[in-house]
Amino acid sequence: MTAPALSPTLELACELINRPSVTPLDEGCQQLMSQRLAACGFAIEPMHIEDVENFWAIRGNEGPVLCFAGHTDVVPTGPLQAWQNPPFSARIDEQGMLHGRGAADMKGSLAAMVVAVERFTADHPDHKGQIAFLITSDEEGPAHHGTKAVVERLRERGQRLDWCIVGEPSSTSLVGDVVKNGRRGSLGGTLTVRGQQGHVAYPHLAKNPIHLAAPALAELAAEHWDDGNAFFPPTSFQISNLNAGTGATNVIPGTLEAVFNFRFSTESTVEGLQQRTAAILDKHGLDWSIDWALSGLPFLTEPGDLLDGVAKAIRSVTGRETTPSTSGGTSDGRFIATLGTQVVELGPVNATIHQVDEHILASDLDVLTDIYYQTLVNLLAC
């Protein structure tokens, strides 16, 4: 019995999954996408930055720009023997599940974007505005030479970006049930508290940084940073790593190091969080220093052309009302939003992302393709 033919989206998704593009590698994924886009009239601009492959593609000459953004890199597989199916050999099982690293995050979305645009440009060759793609192989890694760097080049040349759909797996149970219309900011820090090393039997000759820091860390953890707002939950503070000691049981350590992170709403600022943290540490009389690292500022896309167009497309294709959300971690949307762009994240169900045996319902990618296509119709059809 002959296996049923795959849809164009599933064919492309399988081709992309079969390429072992563990971050920051691309393994030819972008070339495959670029060839397809060039065939329907896109101008392709590869951007090789350090060890990262990126490309910018655009079709049209004037009017508002709808950009599709995403990444071809995937996270490492973990132990291969733990996978039921080789991670870079796409397979659709008897239950209709598409297996492979990147099926959900986010090669499935990339395939849906390309096929949706191929259909739209064939049906509407003289569409309004412009369609663009911003694709990187540096999202799952440090993310220094990917979308962030490409956005800076676009900013320097004055490239407008009105609307952007990022293909992150936003859905929770059914495709389109949730879209991300913003993300919290992420501010990390490494706190060093200095004491005086000594013998545990002679504490009066030492200063134990663990004892000194504990009340301050407890106060930081209990602090009410803000109330959040209608779009964001309250800002959170979490300690992720705590290190002190030499490994010996009879030595008071000389220093303590605590790694922490703020996920912050638009009700707080970087400067405000830093100042309040410093005030608490100073109140406890600590000898301290912090190495701060800002991963991204919070951004929010309020109801408007893009969010309305996406919600209308989801309703038209699935009959469902979508729920906008700002929950979850950071994404490359934080870089694109700095251009003043309306940004929405819309992709497959995220239940197995970054896991062994990553998989999604294969038919969901055809639904996603239809949603992307209908969004193009809603925003750019003449």
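Placed from the backbone N, Cα and C atoms, the Cβ positions cover glycine too.
Since this is a predicted model, take the numbers as computed values, not measurements.
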Same Zn(2+) 2 site per Swiss-Prot - residue from E94, E118, E140, E321 joining D105, H354:
E140
Listed in Swiss-Prot for the Zn(2+) 1 site shared with D105, E168, one of H71, H204, H211
H71
May I have the list of same-chain residues other than D105, E140, H354 whose Cβ is within 8 Å of the Cβ centroid of the recorded Zn(2+) 2 site, in sequence order?
V74, V75, G102, M106, I353
With the cut-off set at 10 Å between Cβ atoms, which of these binding-site residues ends up with the most neighbours? Options: H71, H354.
H71
Can you name the residues of this chain that are 6 or more positions from E168 (Zn(2+) 1 binding site) yet have a C-beta less than 8 Å from its C-beta?
G70, D105, M106, S109, K180, S331, G333, E345, L346, G347
How long is the line from the C-alpha of H354 (Zn(2+) 2 binding site) to the C-alpha of H71 (Zn(2+) 1 binding site), rounded to the nearest angstrom?
14
Show which residues of the chain containing E139 (active site, proton acceptor), separated from it by at least 6 in sequence, have their CB under 8 Å from its CB.
T23, G70, H71, D73, G146, T147, S331, D332
